[in-house]
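Listed in TrEMBL for this protein:
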{"type": "BINDING", "residues": "GLY82, LYS83, GLY84, GLY85, VAL86, GLY87, LYS88, SER89", "note": "ATP binding site"}
Amino acid sequence: MTSDTAIRAAIPAELSATVRSVTLREGVATIVADASGLGRSAAAQLQRELSEAASLVEGVSEVRVALMADKAPRRIIAVGSGKGGVGKSTLTANLAVALAKMGMKVGVVDADIYGPSQATLLNGKGSKLRAEGQTLIPHDSDFGVKFVSMGQLVEPGKAIAWRGPMVGSALGQLMEADWGETELLLVDMPPGTGDVQLTMMQKFKPAGAVVISTPQDLALIDATRAIDLFQQAKIPIVGIVENMAGYLCPHCGEASEPFGHGGAESAAKDIDVPFLGRVPLAMEIRTASDGGQPPAAGTSEVGAPFTQIAARLKDWLEHAG
Ligand SMILES: Nc1ncnc2c1ncn2[C@@H]1O[C@H](COP(=O)(O)OP(=O)(O)OP(=O)(O)O)[C@@H](O)[C@H]1O
């Protein structure tokens, strides 16, 4: 038996299909193995087991394992708003859930250090982040969407005092968590234009940004400012979403428009960015969201606008992104 064959024979049967080549030169065994589709920890385990098996073979003094992986090109979409409370986190969670239902592998990064809410929205309240070494392991939600949140890194209310470098390193940890095969990361950004936005744009370069606003003028001015910032950083704007557009009274059925109507659509036209759709103000959206059941996960009518906007985002990713 040649030494190469001896090494192959020493590799456990269940791992042998991953082995692409084995060479032994002057006591150094080099094994090339295929780790496609494996998450970071499974790939590390494969590397360890191959190395251990080969090191037991006579004449082997050193083992080098090279893993090949078809690294999924993971794309990032930032979901931003000019001001707080306009429904950015609700939109992010529902877009993620709707895209997962369409077959995409989606993760959510809750980078909203001032009001992290994805753990509530994705029914993972109280979930703790695990880590393997320095790498965080995202939480699996009930909706086929993984997530990590600033809220899992710091105690409520503490992050408000963070300064630039701390924000940058926390954001880095979330973005570089063990996302495995996740192909799309939706990032729930804090409102406005602060440290998280700058780090996000400079270091992680999202493929695009979705900006959400309520229809009234003041919110739209802020949203336009957020769009401006993305555009200055050469991040394409996927489009604007109008939230809390019209209110249908659950008691009398009368329709009203507490925040106006159509403002975001005409603002989109004015600044020449796509309009992605409109989500009505609906009590059911708030109660379902607070209860950790994103409307897009169910079959109720209020989930439909989120699904339509998600389909537009998917189309953008397939054609423009
Ligand atoms: N279309 C809607 N109809 C009814 N309630 C909504 C709608 N969109 C969002 N809400 C509610 O408004 C509140 C604020 O929404 P959300 O947390 O998504 O906003 P945000 O922009 O992320 O806010 P923050 O900047 O504070 O994180 C939540 O209670 C949410 O359930």
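Glycine residues also receive a Cβ, built from the backbone N, Cα and C atoms like all the rest.
Whatever TrEMBL says is automated annotation, not expert-curated.
Predicted, not measured: the structure shown is a model, and the values here were computed from it.
In the three-state DSSP reading, GLY87 (ATP binding site) counts as coil. Most Cβ neighbours within 10 Å, among the binding-site residues LYS83, LYS88: LYS88 holds that distinction in the structure as shown. Checked against ligand 1, the binding-site residues LYS83, GLY84, GLY85, GLY87, LYS88 give GLY84, GLY85, GLY87, LYS88 as the ones with a Cβ under 6 Å from it, listed in sequence order.
A simple way to gauge crowding: the CB of VAL86 (ATP binding site) has 24 other CB atoms within 10 angstroms, across all the protein chains here.
Ranking the binding-site residues GLY82, GLY84, GLY85, GLY87 by how many Cβ atoms sit within 10 Å of each one's Cβ puts GLY82 at the top.
Annotation for SER89 (ATP binding site): spatial neighbours ASP110, ASP112, GLY115, SER117, GLN118, LEU121, ASP188, criterion Cβ-Cβ under 8 Å with sequence separation of six or more.
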